[in-house]
Amino acid sequence: MASWWWWWSEAVVVGGGTGGGSSGTVVSICVFTAVLCVCLVAGHLLEENKWVNESITALLIGCVVGAIIFLLSEGKNSRILRFDEQLFFIYVLPPIIFNAGFQVKKKQFFHNFLTIMSFGIFGVFISVAIVSTGCYWLFPKVGFGDLGAVDFLDLILFTTTALGAIFSSTDTVCTLQVISQDETPRLYSLVFGEGVVNDATSVVLFNAIKNLDITQLKGGVALKVISDFLYLFFTSTMLGVTIGLSTAYALKALYFGRHSTDREVALMALMAYLSYMLAEFLDLSGILTVFFCGIVMSHYAWHNVTESSRITTRHIFATLSFIAETFIFLYVGMDALDIDKWKTSETSFKTSLGIFGIIISLVLLGRAAFVFPLSIMSNYMSGSSEKAPITFNHQVVIWWAGLMRGAVSIALAYNQFTFSGVTLDPVHATIITSTIIVVFFTTLVFGFLTRPLISAILPHQHRQSTTPGTGGGGRSTGSNSPKDDFIMPFLSPDEEASGSGSGFLQAKRSISMLLERPVHTVHIYWRKFDDRFMRPIFGGPMERDRGNCY
């Protein structure tokens with residue numbers, strides 16, 4: 001028995017190292033797969049109360065497994081597999097972001113487009129500015145400026161700027177699991193939409209910051225960051241839209257389902273992955289590209305495949321995204337016990353605690369600095385439109401939803417400050433350990449408090465029941481359910497058929513309608529353009545089924 005434990009621990013160490021043997025690698029993969037299965041089972045058993053989600057479960061299980069491996073290896077290792085920073089960005093993040101775009105409810109997303117984009121873009125800039133400035137001024141006060149690094153001022157300037165982007169990326173999983181999409185469709189749309197746009201914006205902004213030469217900063221550096229961001233944002237978006245449209249046209253023109261539905265699913269999956277890799281090859285934002293590729297595919301390409309392929313794609317993309325997120329949190333749980341990083345950081349407990357407190361405080365402040373003002377501005381711009389205002393309670397939920405940090409923050413931190421999961425620089429090691437602590441604290445503490453908070457400020461309202469349907473949604477059984485509004489098309493059938501609805505004529509004749517209700521007006525003209533030019537070429541739902549795709 002003792003020899004077996006020794007062999008297993010050595011195999012884990014070999015598999016978790018730099019590739020010391022095929023047997024060790026096989027053992028590591030087998031063990032990690034088994035632990036992933038344990039996470040799935042535990043998440044299922046804890047699903048009913050929803051006090052914890054898969055992210056919290058994976059973190060805790062990762063800690064337990066990491067502690068076991070740490071003891072078996074006599075303090076040499078705490079991971080089953082050694083991290084490779086390319087692993088996250090090439091294999092793990094693409095399915096997460098693509099599924100977010102593919103599953104997004106487009107009617108609600110674009111109906112609240114201006115509010116979502118203001119949260120997801122302008123909010124990120126505000127948060128980055130507050131977190132970066134606060135870290136730059138407060139880190140030296142807790143002893144983080146006494147590490148003896150060469151050109152420490154330049155180093156800490158870049159580090160704090162990068163930290164601003166890293167800790168501005170949110171993880172809204174805990175909140176979305178508690179919010180009822182049927183009872184508060186607009187709130188759900190705002191939280192979900194802001195979450196995915198926030199992640200994409202954080203990555204694009206992070207890449208723009210990486211391209212800066214900190215040693216030669218000039219007065220126009222802010223303009224350069226903004227210009228680089230805009231270039232990456234729009235070119236990445238257009239690339240994703242182009243590949244999505246190309247996929248839709250190929251599926252419509254060639255009719256793959258005539259011979260094999262497997263080819264339909266394979267083409268959509270491979271083209272989505274191609275969009276990501278092509279963006280990375282062109283030094284663009286692969287995350288933004290694959291996100292908009294997912295939106296376009298779900299709007300056009302998804303309707304050009306057979307019914308069985310539609311069901312398959314919905315579930316396979318969601319499954320891959322779920323496994324990828326679980327993988328990340330599981331790895332972070334194990335890596336938290338990596339003693340080498342803690343030794344390399346060379347920071348005292350007091351300094352580490354100070355850094356953690358500063359980051360958490362700035363995250364809270366940075367989030368509040370844009371959620372509440374932008375919500376008030378959104379309510380003011382909505383005016384007397386049919387959209388319900390964002391109440392103060394809803395603003396608190398939106399603010400809380402973005403306090404948790406997750407997959408993207410971890411990926412950005414590891415990609416910038418480690419090489420194959422290892423760092424020998426004290427500053428970089430401190431950043432990694434601080435990121436792990438922040439992810440742990442926000443996911444566990446804020447995640448546990450999410451349900452009681454939302455239950456307190458958004459009391460449950462009894463609604464008519466819904467019956468589950470395919471594709472991860474529910475189809476309303478009553479005419480008064482909020483789901484009816486969720487699946488309704490932008491215009492009523494009479495307005496679309498006759499083109500003489502009062503809202504349409506008013507939007508067409510009056511420039512004041514465009515100023516008062518810009519999003520609604522743009523929707524009307526976009527629908528006309530989409531019906532007349534886009535759908536005949538790239539495909540889409542029939543007139544009677546159009547509402548279901550929104």
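Every residue gets a Cβ built from N, Cα and C, even glycine.
Within the listed segments 20-43, 188-211, TrEMBL records transmembrane segment for the stretch 20-43. Within the same chain, the transmembrane segment (429-449) stays apart from the transmembrane segment (114-139): fewer than three Cβ pairs sit under 8 Å, each pair at least 6 residues apart. Of the candidate ranges 55-73, 85-102, 229-251, 85-102 has the most C-beta pairs within less than 8 angstroms of the transmembrane segment (397-417).
Comparison of 85-102, 114-139, 354-376 by number of C-beta pairs under 8 angstroms to the transmembrane segment (155-176) places 114-139 first.
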